[in-house]
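Taken verbatim from Swiss-Prot:
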type     : residues     : note
BINDING  : Asn10, Lys12 : substrate binding site
ACT_SITE : His96        : active site, electrophile
ACT_SITE : Glu168       : active site, proton acceptor
Amino acid sequence: MPRQFFVGGNFKMNGTAESITAIIKNLNEAKLDETTEVVVSPPALYLTLAQQVADEKKKVAVSSQNVFDKPNGAFTGEISVSQLQDAKIPWTIIGHSERRVILKETDEFIARKVKAAIDGGISVIFCIGETLEEREADKTIEVVTKQLNAAAKELTKEQWSKVVIAYEPVWAIGTGKVATTQQAQEVHAAIRKWLADAISPEASENTRIIYGGSVSEKNCRELAQERDVDGFLVGGASLKPAFVDIINARL
């Protein structure tokens, strides 16, 4: 059975109630590829608003940009899995490079958050990727494997069915630089091989591996043709009308 194409829009720390409502209403009214799963991730303040607008047409799901690994307590500024459940938010992004680099989140901490989310019934867009220095040192596969291994220590084999892996080379995020189709496919194929060896052949066959890093309406169609590219995690372009073209990359 073919893997369902997946496109996520990470709004990051952008948007207002008005602009986020407009973006989702535009998606509600647009002609979208019905075979593509679409998820948008607004800032936490607007999650319930986004959910209400998305519920009007049920074409788009909503994701948090982050979640904490503890169930509740004195963790100022954090969001718990149970709070996402209560707000009926089905997805969360975990491990984005901006949190790894700026907020110093470790592989182990990120893995605990992935486990907490999945244990609580929240599906995860699990971000991994290397820096420019690591790529130039030919350590890309070593780095992403280390990030994956941390999660593998926390999850059961069955729980990988709730994970979408987002390969996002750090050097391509927000820079305008994009991994070539060959570079993206090489890493995606290595991740799929890791899934087969470390988790199970079923996980390798069924887990969606998406690409992120300056994805635009100009490069999405070529990337979407690659065998192991199952979709995209889109940053800045998800705030623009061109997001529809990226969702429809396989039409």
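Cβ atoms here come from the backbone N, Cα and C positions, even for glycine.
Model, not experiment: these values are computed from the prediction.
Recorded features from Swiss-Prot, shown on the structure.
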{"residue": "Asn10", "record": "substrate binding site", "DSSP class": "strand"}
{"residue": "His96", "record": "active site, electrophile", "DSSP class": "coil"}
{"residue": "Glu168", "record": "active site, proton acceptor", "DSSP class": "coil"}
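Of the listed recorded positions, namely Lys12, Glu168, the sparsest CB environment within 10 A is found at Lys12. Between the alpha carbons (Cα) of the residue listed as 'active site, electrophile' and Lys12 (substrate binding site) lies a span of roughly 10 Å. Between Asn10 (substrate binding site) and the residue listed as 'active site, proton acceptor', the C-alpha separation comes to 12 Å.
All protein chains included, His96 (active site, electrophile) registers 29 other Cβ atoms within 10 Å of its own Cβ. Asn10 (substrate binding site) counts 26 other C-beta atoms within 10 Å of its own C-beta, drawing on all protein chains shown. For the pair Glu168 (active site, proton acceptor) and Lys12 (substrate binding site), the Cα-Cα distance reads 15 Å.
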